[in-house]
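K.L.:
Questions regarding the structure given below will be posed in turn.
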Amino acid sequence: MDKLLIRGGKPLHGTVTISGAKNAALPELCAALLTAEPVVLDNVPRLQDVHTMIKLLRNMGASVEWDSDTGHRLTLNAGPVSNPEAPYELVKTMRASILALGPLLARFGEATVSLPGGCAIGSRPVDQHIKGLQLMGAEIVVEHGYILAKCPAGGRLKGARITTDMITVTGTENFLMAAALAEGETVLENAAQEPEVVDLAELLIKMGAQIEGHGTSRIVIRGVDQLHAPREPHAIVPDRIEAGTFLCAVAATGGDVALVGSRADHLDAVIDKLREAGASVNAINGQLRVTMGTRPIAVGFRTSEYPAFPTDMQAQLMAVNCVAQGSAKISETIFENRFMHVNELVRLGARIEVDGKTAVVTGVERLSGATVMATDLRASASLVIAGLVAEGQTVVDRIYHLDRGYEQMEAKLRALGADIERVK
Ligand SMILES: CC(=O)N[C@H]1[C@@H](OP(=O)(O)OP(=O)(O)OC[C@H]2O[C@@H](n3ccc(=O)[nH]c3=O)[C@H](O)[C@@H]2O)O[C@H](CO)[C@@H](O)[C@@H]1O
Ligand SMILES: C=C(OP(=O)(O)O)C(=O)O
């Protein structure tokens, strides 16, 4: 099993290119299921979850081809799909497989998708996805760990008014894709406003969907009979969480880094907090430049839905607080168990106390390298940041979690001057 070996204490300097967003790539790969024409996506990040999604689509009969061995453009042809099924073996490694449910139902009138199950950060049920699709007329039974869904006689979903109990990102995305081919109008109330939802809506519009209100909490979709391939390749929006992770790394280690291909306007809440911590963050000529010359100041924050502070950045900013001056309170409101990184950060010398959904971090002057274990994707990123600033050597074990959502993280950090390598 791969590990990362980090010798901390080096400030980061240079330029890093931010990849396309994992959380936009995954629904957009599924959106290709909505048409028999070949869909071309650009800026697709080459990371493990994308490879898993490609496996899932190929298993259904789709053809998926990268343009070159190292490039980021791929062509998906769901014309030959004959098996509208997402089996447990593939779904268990990636919750986002649930995103196949909406498009499969909409285009093929039936779908069999394994229940994703829980994961380290919480139980993560999909009841809202099921409820919304039922409101659109789908007949759904859940048995033997599978969601068995089919459209009523006539074979087409019907537009509906869907108000979810909470804001759900992949739920909103499933409804967008299902409603694009449904009969009549669908209104999504309490919709997620994340940039990845907006990017998916923009791709669907390029494919002929009629969507209004994406980026707000009320989205209206008028179903059409057929979708087609976008006329031009659709470039996936930059990964704001990858960008935020690099911003936090610099805030912790000090240095001066330019992020190419990132969207400052998608990172307002994160940038505000990093400025409060003492970093200078500026958007210049399409780049985001972060400089940090002092020890950070501890900053309190609370995770919430976009545009507030993202839960996917909680662990990384906690790592910055670990070496900051002062103490700060962090509240996690989205997932019930997203403090798995705390015990590992403590092994590096951090002072953190957790009480339910709140963690209080008191910064220490130095962390000391140790062997730590990654428990989930963003927990891994926080351990890498802590390792970059810790004295001596840190080994981050189980980095298959990190590989799910970051493209070439260690190569990008090494190019910025970090002493980091992957070992078996
Ligand atoms: C692939 C992808 O885009 N993943 C992101 C997506 O996950 P995901 O879409 O799975 O997260 P949701 O927005 O759905 O979850 C929000 C909350 O609602 C709960 N819930 C959700 C659906 C449901 O049917 N029932 C239910 O109870 C969840 O358990 C959670 O507590 O948004 C999360 C919140 O920003 C991010 O952390 C993930 O990185
Ligand atoms: C929780 C995350 O992803 P997923 O929903 O794919 O598990 C994440 O990207 O931090």
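The backbone N, Cα and C atoms fix where each Cβ goes, and this holds for glycine too.
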K.L.:
Need a hand: TrEMBL gives R124, P125, V126, D127, Q128, D312, I334 for UDP-N-acetyl-alpha-D-glucosamine, which of R95, R156, R289 is also on that list?
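P.N.:
My reading of TrEMBL gives R95 as the candidate in that site.
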K.L.:
Quick check for the class: what is the C-alpha distance, in angstrom and rounded, between R124 (UDP-N-acetyl-alpha-D-glucosamine binding site) and K22 (phosphoenolpyruvate binding site)?
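P.N.:
Rounded to the nearest whole number, the Cα-Cα distance is 18 Å.
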K.L.:
If you skip the near sequence neighbours and keep only those at least six away, which residues in the chain come within under 8 angstroms of K22 (phosphoenolpyruvate binding site), Cβ to Cβ?
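P.N.:
Looking at Cβ-Cβ distances below 8 Å from K22 (phosphoenolpyruvate binding site), excluding near sequence neighbours, one finds P45, L47, D49, V50, D239, I241, R404, G405.
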K.L.:
Just to be sure I understand the packing, how many Cβ atoms besides its own are within 10 Å of the Cβ of D127 (UDP-N-acetyl-alpha-D-glucosamine binding site)?
P.N.:
12
K.L.:
Checking the contact step here: among the binding-site residues N23, R95, V126, Q128, I334, which have a Cα within 10 Å of the Cα of C119 (active site, proton donor)?
P.N.:
R95
K.L.:
Would you work out the biggest C-alpha to C-alpha distance among R95, R124, P125, V126, D127, Q128, D312, I334, the residues that bind UDP-N-acetyl-alpha-D-glucosamine according to the record, and give it in angstrom as a whole number?
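P.N.:
That value is 22 Å for the farthest Cα pair.
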